Structures are given as C-alpha cells and as structure tokens.
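Record features, source TrEMBL:
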type	residues	note
DOMAIN	78-108	domain '4Fe-4S ferredoxin-type'
BINDING	CYS88, CYS91, CYS94, CYS146	[4Fe-4S] cluster 1 binding site
BINDING	CYS98, CYS136, CYS139, CYS142	[4Fe-4S] cluster 2 binding site
DOMAIN	127-156	domain '4Fe-4S ferredoxin-type'
REGION	181-220	region 'Disordered'
COMPBIAS	188-215	compositional bias 'Basic and acidic residues'
Amino acid sequence: MAYKATQDPRTDIRERTYLPELLRGLAITTRHFWRNLFGTRDTQTPFEERTGTSLVTTVQYPEEKIPYPPGYRGLHRLVPREDGKPRCVACYMCATICPAQCIYIEAGEYPEGADEKESRVIEKYPTQFVIDELRCIVCGLCVEACPKDAIRMDTYTHTPPEYNRQGFVYDIPRLLKGPAVSHPSDPWNKRSSSEQPAHAHKEAHTRIGEEEHAHSRAIVSHDGPVPVTKFLK
C-alpha cells in the first residue's frame, strides 16, 4: 500500500523556512556579544574560591584557568647555579633511565686554565643537553634519577605548539631557566671553617614564579651550540 504524504495545513511559509527561529537565535547571539564586549558578562566566583556545588559550574576559559595540582609534571627545565651555569655534571643518569630515550647529552671537561676551584670539584659539564619533547612520555624519572637536582619539571606549563619538528627539540639555552638553586652539600660551595659562606642558601624546592630572577642563557661551550637538527632522526 502506497503512503501518501500530506502537508500540515497549520504551517505557513514563515514556519516552513524557520525564519522566526533564525532571527530569535541571532538576537540571542547578538545580546551575548554586546554583553561580553562591554564587560557585563555574568560574574562568577573565582575558581580558586569555589566550594561545594559551585565547582561544577562552567570555567570561562581562557579568562579562567584551572590551577595545576602540586607535583604537576610540566615542561622540563635545567636548574641554574648562582653563577648562571647549569647544575648538571653530565653524569648521564637521566639519559640512561629515560624509557623514551629523548635526552641527549655530550659531556666536556674544563680546559687548562679554567677556574681551579671549579675544575677541581666538578669533573664534567654538559656541552650539549638536548630533550626531544615529542618523544618524552612525562614520566618524571629523569628528575628522580638526577643526583644534583639539575633537572626539574616544575614549570607548570605545557609544551607550547610549534610549526616544525625542530621547535620541539630543546637545547641548553631554552632549558636553562628559573630561579637558581643551591644546596649546602654542593661541592662548589664547600669551604674551610675559617672562610665566609660563598653563597646564600636557597630552598631546594623553590618554584618558578616565586622570585623575580631567571636565567635564559648560559655559556657552557667554547665552540657554540650545535644545531638541534643534528639530533633529529
């Protein structure tokens, strides 16, 4: 039996073209546009102050951002010493324990004529320290294995987007940042009992942002940095 389609006689041309609903939706969108443009958006309690059922309300990103929990593993950084050089002593422990093999290190020794105290207590230093952030699985084993607290993941930032493969390979100038850290047990800070302290001790767990002090570059090689394309496969 053939089915005969019939048209609802109650609908007119306006309802069949959805014109009233289109105009109504456009009016709502326009009203929200002007409300947001002049800063009259409905204000909410800041996310950090919300409690109870208010925690399920919408987060107005990017105006509001959920804070990272303590211990969040963010982008790597090399921790600097007081003189701006990295704390790393090129022991290869982080590169050895890394399950993704995303860390590449080249070690160097202090040449003749270098600071006698520094060359006596520090046998090696990294001439190249490269991390491929695309291969990293963010396990944090490199931080746990480091005996000198030279690498951390306390930046509380994601790996930023890049337009090419080379942009995700971080070398020393890009990794060396954040507040300097010193420990009483550091060999370059040891002194005899008659000498004055050569440094002001800083808390080992200083986080980025707590001090207005950061190092963006350190001179660690006499020949200059090796292009990061060398480490791309």
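Cβ atoms are placed via backbone N, Cα and C, with glycine included.
A TrEMBL annotation is a machine prediction, not a hand-curated record.
Recorded features from TrEMBL, shown on the structure.
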residue	record	DSSP class
CYS88	[4Fe-4S] cluster 1 binding site	coil
CYS94	[4Fe-4S] cluster 1 binding site	helix
CYS136	[4Fe-4S] cluster 2 binding site	coil
CYS142	[4Fe-4S] cluster 2 binding site	helix
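Per-residue confidence over the domain '4Fe-4S ferredoxin-type' (127-156) averages 94 (mean pLDDT, predicted model). Of the listed binding-site residues, namely CYS88, CYS94, CYS98, CYS136, CYS139, the sparsest Cβ surroundings within 10 Å are found at CYS139. Counting other CB atoms no more than 10 Å from each candidate's CB, the binding-site residues CYS91, CYS142, CYS146 peak at CYS142. Rounded to a whole value, the Cα-Cα separation of CYS139 ([4Fe-4S] cluster 2 binding site) and CYS94 ([4Fe-4S] cluster 1 binding site) is 12 Å. Closest to CYS136 ([4Fe-4S] cluster 2 binding site) in space, going by CA atoms and restricting to the binding-site residues CYS88, CYS91, CYS94, CYS146, is CYS94. Spatial neighbours are here defined as Cα atoms within 10 angstroms of one another, and by that definition the neighbours of CYS142 ([4Fe-4S] cluster 2 binding site) among the binding-site residues CYS88, CYS91, CYS94 are CYS94.
When the C-alpha distances from CYS98 ([4Fe-4S] cluster 2 binding site) to the binding-site residues CYS88, CYS91, CYS146 are tabulated, the minimum falls on CYS146.
Listed in chain order, the extra residues whose Cβ falls within 8 Å of the Cβ center of the [4Fe-4S] cluster 1 site residues CYS88, CYS91, CYS94, CYS146 are VAL89, ALA90, TYR92, MET93, ALA95, ILE105, CYS142, ALA145, PRO147, LYS148, ALA150, ILE151.
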